[in-house]
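Everything below concerns the one structure shown next.
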Amino acid sequence: MADVLKTVWWDEVPCLIDQRLLPATLDIVRCEDLNSVIEAIRSMQVRGAPAIGITAAYGMALAAQRSTAQTSSKLLEKLAKAKALLDATRPTAINLAWATQRMLDVAQANHTLEVDQLRQRLLAEAEAIRDQDEAMCRAIGQHGKVLLAQSRNVLTHCNAGGLATAAYGTALAPIRAVHEDGQPIHVWVDETRPFLQGARLTAWELQQAGIDLTLITDNMAAYFMQQGQVDCIIVGSDRIAANGDVANKIGTYGLAVLAKAHNIPLYVAAPTSTIDLQTADGAAIPIEQRSTQEVTHIGQQAIAAAGIKVAHPAFDVTPAHLVTAIITEQGIAYPPFAEQLQTMVEAANAANAGK
(Lines of atoms letter the chains of each structure in order from A and count residues from 1; the text may use other names and numbers.)
(Lines give C-alpha, C1' and ligand atoms only; values in the text may rest on other atoms or scores of the structure.)
Protein backbone atom coordinates (compact mmCIF):
# COMPACT_ATOMS: atom_id res chain seq x y z
CA MET A 1 0.00 0.00 0.00
CA ALA A 2 1.54 3.28 -1.10
CA ASP A 3 2.33 5.93 1.49
CA VAL A 4 0.12 8.98 1.26
CA LEU A 5 0.63 12.42 2.72
CA LYS A 6 -1.22 13.25 5.93
CA THR A 7 -3.16 16.49 5.59
CA VAL A 8 -4.15 17.31 9.17
CA TRP A 9 -3.09 15.71 12.46
CA TRP A 10 -2.68 16.38 16.18
CA ASP A 11 0.72 17.09 17.74
CA GLU A 12 -0.15 18.85 21.00
CA VAL A 13 -2.21 21.19 18.77
CA PRO A 14 -3.86 20.76 15.34
CA CYS A 15 -1.22 20.68 12.59
CA LEU A 16 -1.92 20.99 8.89
CA ILE A 17 -0.30 21.56 5.51
CA ASP A 18 -0.77 25.11 4.22
CA GLN A 19 -2.35 24.22 0.89
CA ARG A 20 -2.23 27.79 -0.38
CA LEU A 21 1.54 27.44 -0.83
CA LEU A 22 1.60 24.13 -2.71
CA PRO A 23 3.22 22.92 -4.85
CA ALA A 24 6.07 25.42 -4.46
CA THR A 25 6.37 25.16 -0.68
CA LEU A 26 5.44 22.42 1.79
CA ASP A 27 4.79 24.37 4.99
CA ILE A 28 3.26 23.06 8.21
CA VAL A 29 0.91 25.29 10.22
CA ARG A 30 0.45 24.74 13.96
CA CYS A 31 -2.87 26.11 15.20
CA GLU A 32 -2.24 27.30 18.74
CA ASP A 33 -5.79 28.45 19.52
CA LEU A 34 -9.36 28.30 18.21
CA ASN A 35 -9.00 31.54 16.24
CA SER A 36 -6.08 30.12 14.27
CA VAL A 37 -8.14 27.03 13.43
CA ILE A 38 -10.99 29.26 12.25
CA GLU A 39 -8.60 31.31 10.11
CA ALA A 40 -6.99 28.17 8.65
CA ILE A 41 -10.40 26.99 7.45
CA ARG A 42 -11.64 30.38 6.27
CA SER A 43 -8.44 31.27 4.39
CA MET A 44 -8.22 27.79 2.81
CA GLN A 45 -4.91 26.86 4.38
CA VAL A 46 -6.90 23.66 4.76
CA ARG A 47 -9.70 22.87 2.29
CA GLY A 48 -11.74 19.96 1.05
CA ALA A 49 -14.93 18.99 2.89
CA PRO A 50 -13.59 15.99 4.86
CA ALA A 51 -10.33 17.78 5.75
CA ILE A 52 -12.06 20.85 7.12
CA GLY A 53 -14.40 18.59 9.09
CA ILE A 54 -11.41 16.91 10.71
CA THR A 55 -9.78 20.27 11.34
CA ALA A 56 -12.97 21.56 12.95
CA ALA A 57 -13.11 18.47 15.19
CA TYR A 58 -9.55 19.16 16.28
CA GLY A 59 -10.59 22.79 16.78
CA MET A 60 -13.29 21.66 19.20
CA ALA A 61 -10.75 19.51 21.05
CA LEU A 62 -8.34 22.45 21.16
CA ALA A 63 -11.07 24.75 22.48
CA ALA A 64 -11.63 22.25 25.28
CA GLN A 65 -7.90 22.04 26.01
CA ARG A 66 -7.50 25.81 26.10
CA SER A 67 -10.65 26.48 28.12
CA THR A 68 -10.27 27.46 31.77
CA ALA A 69 -13.65 25.90 32.59
CA GLN A 70 -13.59 24.10 35.93
CA THR A 71 -16.73 22.05 35.34
CA SER A 72 -18.06 19.96 32.49
CA SER A 73 -21.18 22.11 32.25
CA LYS A 74 -19.09 25.25 31.73
CA LEU A 75 -16.97 23.42 29.19
CA LEU A 76 -20.11 22.45 27.27
CA GLU A 77 -21.05 26.13 27.03
CA LYS A 78 -17.60 26.94 25.60
CA LEU A 79 -17.88 24.09 23.10
CA ALA A 80 -21.29 25.25 21.86
CA LYS A 81 -19.81 28.69 21.16
CA ALA A 82 -16.78 27.14 19.44
CA LYS A 83 -19.08 25.06 17.23
CA ALA A 84 -21.02 28.14 16.13
CA LEU A 85 -17.82 29.97 15.19
CA LEU A 86 -16.41 27.02 13.28
CA ASP A 87 -19.66 26.27 11.44
CA ALA A 88 -19.78 29.83 10.10
CA THR A 89 -16.41 29.59 8.31
CA ARG A 90 -17.44 27.53 5.23
CA PRO A 91 -21.24 27.15 4.92
CA THR A 92 -21.48 24.79 1.93
CA ALA A 93 -19.40 21.85 3.18
CA ILE A 94 -21.64 19.79 5.47
CA ASN A 95 -18.75 17.73 6.87
CA LEU A 96 -17.75 20.71 8.99
CA ALA A 97 -21.07 20.98 10.84
CA TRP A 98 -21.32 17.18 10.95
CA ALA A 99 -17.95 16.93 12.72
CA THR A 100 -18.60 19.74 15.21
CA GLN A 101 -22.03 18.28 16.03
CA ARG A 102 -20.48 14.87 16.59
CA MET A 103 -17.97 16.44 18.97
CA LEU A 104 -20.71 18.31 20.83
CA ASP A 105 -22.82 15.15 21.04
CA VAL A 106 -19.89 13.28 22.59
CA ALA A 107 -19.36 16.08 25.10
CA GLN A 108 -23.03 16.04 26.08
CA ALA A 109 -23.10 12.24 26.35
CA ASN A 110 -20.07 12.34 28.67
CA HIS A 111 -21.01 15.38 30.74
CA THR A 112 -20.69 13.40 33.99
CA LEU A 113 -16.94 13.01 33.50
CA GLU A 114 -14.47 15.19 35.33
CA VAL A 115 -13.53 18.14 33.15
CA ASP A 116 -9.99 16.89 32.38
CA GLN A 117 -11.37 13.46 31.48
CA LEU A 118 -13.87 15.12 29.17
CA ARG A 119 -11.07 17.02 27.46
CA GLN A 120 -9.26 13.75 26.79
CA ARG A 121 -12.46 12.10 25.57
CA LEU A 122 -12.97 14.91 23.06
CA LEU A 123 -9.43 14.62 21.73
CA ALA A 124 -9.93 10.87 21.33
CA GLU A 125 -13.10 11.53 19.35
CA ALA A 126 -11.34 13.99 17.04
CA GLU A 127 -8.62 11.41 16.43
CA ALA A 128 -11.32 8.82 15.68
CA ILE A 129 -12.91 11.16 13.12
CA ARG A 130 -9.53 11.53 11.41
CA ASP A 131 -8.79 7.80 11.42
CA GLN A 132 -12.28 6.87 10.23
CA ASP A 133 -12.03 9.35 7.37
CA GLU A 134 -8.88 7.71 6.05
CA ALA A 135 -10.51 4.28 6.34
CA MET A 136 -13.58 5.58 4.49
CA CYS A 137 -11.41 6.97 1.70
CA ARG A 138 -9.68 3.65 1.22
CA ALA A 139 -13.06 1.88 1.13
CA ILE A 140 -14.27 4.39 -1.49
CA GLY A 141 -11.21 3.46 -3.52
CA GLN A 142 -12.01 -0.24 -3.39
CA HIS A 143 -15.67 0.25 -4.31
CA GLY A 144 -14.97 2.84 -6.98
CA LYS A 145 -12.20 1.02 -8.81
CA VAL A 146 -14.85 -1.38 -10.14
CA LEU A 147 -16.47 1.52 -12.02
CA LEU A 148 -13.11 2.57 -13.45
CA ALA A 149 -12.17 -0.93 -14.62
CA GLN A 150 -12.85 -0.11 -18.27
CA SER A 151 -11.69 3.52 -18.08
CA ARG A 152 -8.22 4.48 -19.24
CA ASN A 153 -8.76 8.25 -19.43
CA VAL A 154 -10.45 9.82 -16.42
CA LEU A 155 -11.20 13.52 -15.96
CA THR A 156 -11.35 15.11 -12.52
CA HIS A 157 -12.11 18.62 -11.28
CA CYS A 158 -10.78 20.57 -8.29
CA ASN A 159 -8.95 18.50 -5.66
CA ALA A 160 -10.59 15.53 -4.00
CA GLY A 161 -7.37 13.74 -3.18
CA GLY A 162 -5.51 13.13 0.03
CA LEU A 163 -5.11 16.87 0.58
CA ALA A 164 -8.90 17.22 0.80
CA THR A 165 -9.26 14.43 3.36
CA ALA A 166 -7.33 12.80 6.19
CA ALA A 167 -5.33 10.98 3.50
CA TYR A 168 -5.81 9.06 0.23
CA GLY A 169 -8.77 11.09 -1.05
CA THR A 170 -12.29 10.56 -2.34
CA ALA A 171 -12.39 11.13 -6.11
CA LEU A 172 -8.72 10.20 -6.38
CA ALA A 173 -9.18 7.07 -4.24
CA PRO A 174 -10.51 4.83 -7.05
CA ILE A 175 -7.79 6.19 -9.34
CA ARG A 176 -5.15 5.35 -6.73
CA ALA A 177 -6.66 1.89 -6.23
CA VAL A 178 -6.55 1.14 -9.97
CA HIS A 179 -2.94 2.34 -10.11
CA GLU A 180 -1.98 0.27 -7.06
CA ASP A 181 -3.45 -2.79 -8.78
CA GLY A 182 -0.97 -2.22 -11.59
CA GLN A 183 -3.59 -1.23 -14.16
CA PRO A 184 -2.93 1.62 -16.62
CA ILE A 185 -4.82 4.84 -15.98
CA HIS A 186 -4.42 8.43 -17.17
CA VAL A 187 -6.03 11.47 -15.56
CA TRP A 188 -7.07 14.72 -17.23
CA VAL A 189 -6.72 17.33 -14.48
CA ASP A 190 -8.86 20.46 -14.79
CA GLU A 191 -6.84 23.42 -13.47
CA THR A 192 -9.99 24.60 -11.62
CA ARG A 193 -10.18 28.37 -11.71
CA PRO A 194 -10.05 30.56 -9.78
CA PHE A 195 -8.16 28.93 -6.86
CA LEU A 196 -6.37 26.43 -9.13
CA GLN A 197 -6.82 23.42 -6.87
CA GLY A 198 -6.47 21.09 -9.84
CA ALA A 199 -3.25 22.63 -11.13
CA ARG A 200 -1.67 23.23 -7.74
CA LEU A 201 -2.89 20.25 -5.73
CA THR A 202 -4.37 17.40 -7.77
CA ALA A 203 -1.62 17.43 -10.40
CA TRP A 204 1.00 17.51 -7.64
CA GLU A 205 -0.64 14.63 -5.75
CA LEU A 206 -0.87 12.46 -8.85
CA GLN A 207 2.71 13.26 -9.78
CA GLN A 208 3.87 12.29 -6.29
CA ALA A 209 1.98 8.99 -6.63
CA GLY A 210 3.49 8.25 -10.04
CA ILE A 211 0.11 8.34 -11.79
CA ASP A 212 0.01 9.48 -15.43
CA LEU A 213 -1.69 12.88 -15.78
CA THR A 214 -2.22 15.76 -18.16
CA LEU A 215 -3.09 19.23 -16.88
CA ILE A 216 -5.69 21.16 -18.90
CA THR A 217 -7.51 24.45 -18.51
CA ASP A 218 -11.18 24.14 -17.56
CA ASN A 219 -12.40 25.24 -20.98
CA MET A 220 -10.49 22.42 -22.70
CA ALA A 221 -12.59 19.65 -21.12
CA ALA A 222 -15.30 19.74 -23.80
CA TYR A 223 -12.70 19.39 -26.56
CA PHE A 224 -11.26 16.19 -25.12
CA MET A 225 -14.75 14.78 -24.58
CA GLN A 226 -15.61 15.56 -28.20
CA GLN A 227 -12.41 13.81 -29.31
CA GLY A 228 -13.40 10.64 -27.44
CA GLN A 229 -10.49 10.96 -25.02
CA VAL A 230 -12.52 10.99 -21.78
CA ASP A 231 -13.97 7.67 -20.59
CA CYS A 232 -15.50 8.97 -17.37
CA ILE A 233 -15.50 11.90 -14.96
CA ILE A 234 -15.03 11.49 -11.22
CA VAL A 235 -15.38 14.33 -8.70
CA GLY A 236 -15.79 14.78 -4.98
CA SER A 237 -18.53 16.68 -3.17
CA ASP A 238 -18.97 19.19 -0.38
CA ARG A 239 -22.60 18.30 0.24
CA ILE A 240 -24.99 15.73 -1.20
CA ALA A 241 -28.69 16.42 -0.68
CA ALA A 242 -31.13 13.66 0.25
CA ASN A 243 -32.31 13.33 -3.36
CA GLY A 244 -28.77 12.99 -4.76
CA ASP A 245 -28.21 16.58 -5.90
CA VAL A 246 -24.49 17.30 -5.53
CA ALA A 247 -22.80 20.53 -4.44
CA ASN A 248 -19.19 20.63 -5.54
CA LYS A 249 -16.56 23.08 -6.73
CA ILE A 250 -17.82 25.65 -9.23
CA GLY A 251 -17.60 24.19 -12.72
CA THR A 252 -18.79 20.71 -11.79
CA TYR A 253 -22.30 21.37 -13.10
CA GLY A 254 -20.88 22.48 -16.44
CA LEU A 255 -18.87 19.26 -16.68
CA ALA A 256 -21.99 17.25 -15.84
CA VAL A 257 -23.94 18.87 -18.68
CA LEU A 258 -21.06 18.20 -21.07
CA ALA A 259 -20.80 14.60 -19.87
CA LYS A 260 -24.50 14.06 -20.53
CA ALA A 261 -24.15 15.50 -24.04
CA HIS A 262 -21.26 13.14 -24.80
CA ASN A 263 -22.72 10.06 -23.06
CA ILE A 264 -19.87 9.99 -20.53
CA PRO A 265 -20.55 8.68 -17.00
CA LEU A 266 -20.17 11.13 -14.11
CA TYR A 267 -19.25 9.58 -10.77
CA VAL A 268 -19.29 11.36 -7.41
CA ALA A 269 -17.08 10.01 -4.61
CA ALA A 270 -17.73 11.10 -1.03
CA PRO A 271 -17.99 9.66 2.48
CA THR A 272 -21.42 9.30 4.05
CA SER A 273 -20.56 12.28 6.27
CA THR A 274 -21.04 14.42 3.14
CA ILE A 275 -24.63 13.23 2.69
CA ASP A 276 -27.09 15.68 4.26
CA LEU A 277 -30.42 13.93 4.70
CA GLN A 278 -31.85 17.08 6.29
CA THR A 279 -31.46 18.96 2.99
CA ALA A 280 -34.14 17.75 0.59
CA ASP A 281 -32.51 18.94 -2.62
CA GLY A 282 -29.80 21.15 -4.05
CA ALA A 283 -31.91 24.30 -4.00
CA ALA A 284 -31.59 24.35 -0.19
CA ILE A 285 -27.78 24.10 -0.15
CA PRO A 286 -26.13 27.43 0.77
CA ILE A 287 -23.52 28.51 -1.78
CA GLU A 288 -20.45 30.23 -0.38
CA GLN A 289 -19.48 33.51 -2.05
CA ARG A 290 -15.74 34.04 -1.81
CA SER A 291 -13.31 36.94 -2.20
CA THR A 292 -13.27 38.80 -5.50
CA GLN A 293 -9.47 38.95 -5.29
CA GLU A 294 -9.31 35.19 -5.84
CA VAL A 295 -10.74 35.90 -9.31
CA THR A 296 -8.87 39.10 -10.17
CA HIS A 297 -5.48 37.87 -8.97
CA ILE A 298 -3.34 34.77 -9.29
CA GLY A 299 -1.28 34.82 -6.14
CA GLN A 300 -0.37 38.47 -5.70
CA GLN A 301 -0.42 39.22 -9.43
CA ALA A 302 -3.44 41.13 -10.75
CA ILE A 303 -4.84 39.70 -13.99
CA ALA A 304 -7.84 42.05 -14.33
CA ALA A 305 -8.37 45.79 -14.27
CA ALA A 306 -8.82 47.35 -10.86
CA GLY A 307 -12.33 48.20 -9.75
CA ILE A 308 -14.28 45.85 -12.03
CA LYS A 309 -17.37 44.00 -10.81
CA VAL A 310 -16.69 40.35 -9.93
CA ALA A 311 -18.93 37.39 -9.05
CA HIS A 312 -17.43 34.43 -7.24
CA PRO A 313 -19.74 31.59 -6.19
CA ALA A 314 -17.37 28.90 -4.89
CA PHE A 315 -19.71 25.98 -5.61
CA ASP A 316 -22.51 24.91 -7.93
CA VAL A 317 -25.13 22.18 -7.71
CA THR A 318 -25.31 19.26 -10.13
CA PRO A 319 -28.84 17.82 -10.32
CA ALA A 320 -29.14 14.15 -9.43
CA HIS A 321 -30.36 13.21 -12.91
CA LEU A 322 -26.92 14.10 -14.30
CA VAL A 323 -25.08 11.84 -11.82
CA THR A 324 -24.36 8.26 -12.92
CA ALA A 325 -23.40 6.92 -9.49
CA ILE A 326 -22.39 8.05 -6.00
CA ILE A 327 -19.52 6.12 -4.41
CA THR A 328 -19.31 6.02 -0.60
CA GLU A 329 -17.49 3.85 1.91
CA GLN A 330 -20.73 1.86 2.20
CA GLY A 331 -20.84 1.02 -1.51
CA ILE A 332 -22.21 2.48 -4.74
CA ALA A 333 -25.60 4.18 -5.10
CA TYR A 334 -27.39 4.45 -8.44
CA PRO A 335 -30.40 6.57 -9.45
CA PRO A 336 -32.88 7.06 -7.94
CA PHE A 337 -30.63 7.88 -5.01
CA ALA A 338 -32.86 8.85 -2.08
CA GLU A 339 -33.55 5.46 -0.52
CA GLN A 340 -30.01 4.16 -1.05
CA LEU A 341 -28.41 7.28 0.43
CA GLN A 342 -30.58 7.01 3.53
CA THR A 343 -29.66 3.34 3.94
CA MET A 344 -25.96 4.15 3.58
CA VAL A 345 -26.08 6.91 6.18
CA GLU A 346 -27.97 4.68 8.62
CA ALA A 347 -25.43 1.89 8.13
CA ALA A 348 -22.53 4.29 8.70
CA ASN A 349 -24.15 5.71 11.83
CA ALA A 350 -24.74 2.21 13.19
CA ALA A 351 -21.12 1.26 12.49
CA ASN A 352 -19.83 4.37 14.27
CA ALA A 353 -22.13 3.80 17.23
CA GLY A 354 -20.67 0.33 17.64
CA LYS A 355 -17.09 1.59 17.96
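Keep in mind that glycine also has a Cβ here, set from the backbone N, Cα and C atoms.
Now, the feature entries from Swiss-Prot:
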| type | residues | note |
| --- | --- | --- |
| ACT_SITE | D238 | active site, proton donor |
| BINDING | R47, G48, A49, R90, Q197, N248, K249 | substrate binding site |
| SITE | C158 | site 'Transition state stabilizer' |
Legend entry - Rounded distance in angstrom between the Cα atoms of C158 (site 'Transition state stabilizer') and R47 (substrate binding site): 11
Legend entry - C-alpha spacing of R90 (substrate binding site) relative to D238 (active site, proton donor), in angstrom: 10
Inset, instruction - List the other residues in this chain whose Cβ sits within 8 Å of the Cβ centroid of the substrate site residues R47, G48, A49, R90, Q197, N248, K249, in sequence order. - result: I52, A93, C158, N159, A160, A164, G236, D238, F315
Legend entry - Set of same-chain residues at least 6 away whose C-beta sits under 8 angstroms from K249 (substrate binding site): H157, C158, T192, Q197, V235, D238, A314, F315, D316
Legend entry - Three-state secondary structure, G48 (substrate binding site) (per DSSP): coil
